[in-house]
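According to Swiss-Prot, the (6S)-5,6,7,8-tetrahydrofolate binding site annotation covers 111, 112, 113, 114.
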């Protein structure tokens, strides 16, 4: 493939896709990623996964503070790219940048556009009980995920799949979809199909508060919520701790109880069942497996219950 490609991306998802392109000998002439960020508990700067891969391959790298900076835009022009590929870069790009490459900018979106436009298509699709996801490649315009569709593929969402697991599956197949698109661009056969605006939905970035579990819902819905916010921002609930009032309890893994009848009041702790802690939902029940009490280490849910002298009777 002779196309000169500039790649813009930041997290592990983007690094996985980039590796697929590099393994296929795509001519990456430059890479753009976000500036290094300090660790939460120290001042040490952490490089993005895309930066680490770029450095390991000795590919020219830019980390602009602002993508509108004239010096940065001048450097992009010097790379004389035929096409820009954008994967989870993390910034909405202005038209001046989009106009630089000969054939335009193409974005790999981890969702089936026009549904789930925004930063969290993977998480919100699972939280909504979705059973099918996929990648969409669009030719970018100045809007948020509004460009014409060039290619689509599909990935089934397994009944126990978390957002982290779906992200891995989409990244693995997304690189192949981009390779197909680049081949079509080079051959002059790529198609651009306008999105159906009537079908558009939004998927804004999740907040930590959205990880909160609402037990007054069917167990299937609660389970979808937990899977959708795993690993980030993470699911949580509350319990009453003797002498300490309401405390948060992180829920890191759970599974559905096979019997779907009514067990008790929503959030009621029904006790230990095997290795799990059984919690009633509005319909059915959920088995908590691994939890993390506020200020404590990760532990088995049954050990948390036993360690509280079995005084925890309800989650809320």
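Along the chain as shown, residues are numbered 1 onward.
Here the Cβ of each residue, glycine as well, is placed from N, Cα and C on the backbone.
Note that the structure is predicted; figures quoted are calculated from it, not measured.
Residue 111 ((6S)-5,6,7,8-tetrahydrofolate binding site) counts 23 other C-beta atoms within 10 Å of its own C-beta, drawing on all protein chains shown. DSSP gives residue 111 ((6S)-5,6,7,8-tetrahydrofolate binding site) a coil state; it is part of no helix or strand. The least crowded of the binding-site residues 112, 113, judged by other CB atoms within 10 A of its own CB, is 112. Apart from the site residues 111, 112, 113, 114, the chain places the Cβ of 109, 115, 116, 117, 121, 136, 145, 195 no farther than 8 Å from the centroid of the site's Cβ atoms, the recorded (6S)-5,6,7,8-tetrahydrofolate location.
Around the Cβ of residue 114 ((6S)-5,6,7,8-tetrahydrofolate binding site), the same chain contributes 145, 146, 195, 196, 197, 199, 200, 201, each under 8 angstroms and 6 or more positions distant in sequence.
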